[in-house]
Amino acid sequence: MKEKRPSPVMRLLQWAGPERKWLILSVLCAFGSGILVITSYIGIYRLMDAVLSGACTKAVIADCALLVTAGTVGRLVLLGTSGVLSHKGAYGALFRVRCMVTEHLAKVSLGALDERSTGAVKTVLNEDIEKLELFLAHNLPEFVAYLTGPVVIFLYLLSVNAPLALVSLIPLPLAGIVMAVIFQRMKGVLSDVNRSLVGFNSVMIEYISGMRLIKAYNMGSRSFQKFSHAIEEENRIWNLVTHKTAPPYAAFLLLVECGMVLMVPVGGLLFLRGSVTGSVFLLFAYVGGMYLTEILPLQKLATTFAQALSGVKKVEEILDLPTFSGGAAFPETCGITLDHVSFSYDGKTDVLRDCSLTVAQGEKVALVGVSGAGKSTVIQLMARSYDAT
């Protein structure tokens, strides 16, 4: 039975180890910061209600100003504290992950590494792991803060007037449908985006390594076809992403920001009928029509979420590479012996079959044969780039 893997987020938190405590404290501070968003709206609503009811006094103005000021300061303090804690936890987690990867690579066979380009391995160490910092230090606490704010505001509006609060939610499911369409479209090209980025990094490293020859023979970048093709492929992929996501994203923005189009006529009708007071109407026209815009940063976080979680999968691919186990004492003689060795790269076709060879210490031997006879494979087995079978 295939073992069920934990989700990328849970796997990342497992890798964080003792640094998780800083991340948890950061999330709690972000949650508190999101709750304090409501204080500004409560203060403004109380002030409008006092003005419209003729009960506005210096004491009321001072109370509302104190509430808004204290809430804003508290929110900023908690948000800043959340950022400090998340960065402390994130950099500690990244250090642990990089140590895990480098220690694992030191035990992986040279053959398994040789099958991967230098650029692909460097992309994991430098870029994919660095994306995890963006997720842990920024996206995770910001996600909690941005999500908490609209929820708390909606609950407050629900306590003021339930029908108008429910009307304010009408654009949300429509926007959710549009976002689902965007995610579905991105799901189809995200693997191509990652593949294109890895290929571009690999080819760029090769191009830089061969720069001396390119300069010596006065060759332009066009002469290095792999580099040109990598640039064109990267451009093609991002043009494709833009064409797939731009129209639905424009529709998403219109739906999220159209709350006032619903709240003003519906709220005005209820006000004219005497079902709501003037202060309630103004509250919903101002707050009820705009608070859903607080979820806009969540949409922007979705892209970085996907990139960070794809980084987790790339790291897992490295950690899943088989390593050498055990070992033996250093031999007294340095001869080489292959005793009835068979070997296959793909597990299906044998490159070597029942091969035996003995090379004494100091002896020089030439391997001669047709292309594909297994000469390079024998050399790789001698260097233990792979384990023989």
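Heads up, residue numbers simply count up from 1 along the chain you see.
Cβ from N, Cα, C; glycine included.
Under the heading domain 'ABC transmembrane type-1', TrEMBL lists 24-307.
Feature annotation from TrEMBL assigns transmembrane segment to 21-47 (among others).
Summarising the annotation, TrEMBL assigns transmembrane segment to 59-78 (among others). Taking Cβ pairs closer than 8 Å, the transmembrane segment (59-78) reaches residues 29-30, 32-33, 36-40, 42-44, 46-47, 50 in its own chain, all 6 or more past its ends.
The transmembrane segment annotation in TrEMBL covers 140-158 (among others). When Cβ-Cβ distances below 8 Å are used as the criterion, the transmembrane segment (140-158) is approached by residues 23, 26-27, 29-31, 33-35, 37-38, 41-42, 79, 82-83, 86, 164-166, 168-169, 283-284, 287-288, 291-292, 294-295, 297-298, 301, 305 of the same chain, each at least six residues removed from its ends.
If you look up TrEMBL, you'll see 164-183 (among others) marked as transmembrane segment.
The annotation transmembrane segment is assigned in TrEMBL to 246-264 (among others).
Residues or ranges marked as transmembrane segment in TrEMBL: 270-292 (among others). Residues 41, 44-45, 48-49, 52-53, 149-150, 153-154, 157, 160-161, 163-165, 167-168, 171-172, 175, 256-257, 259-264 of the same chain lie 6 or more positions beyond the ends of the transmembrane segment (270-292) yet place their CB under 8 Å from a CB of it.
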Spatial neighbours of the transmembrane segment (246-264) far in sequence, C-beta under 8 Å, 6+ residues away: 164, 167-168, 170-171, 174-175, 178-179, 181-182, 185, 284-285, 288-293, 295-296, 299
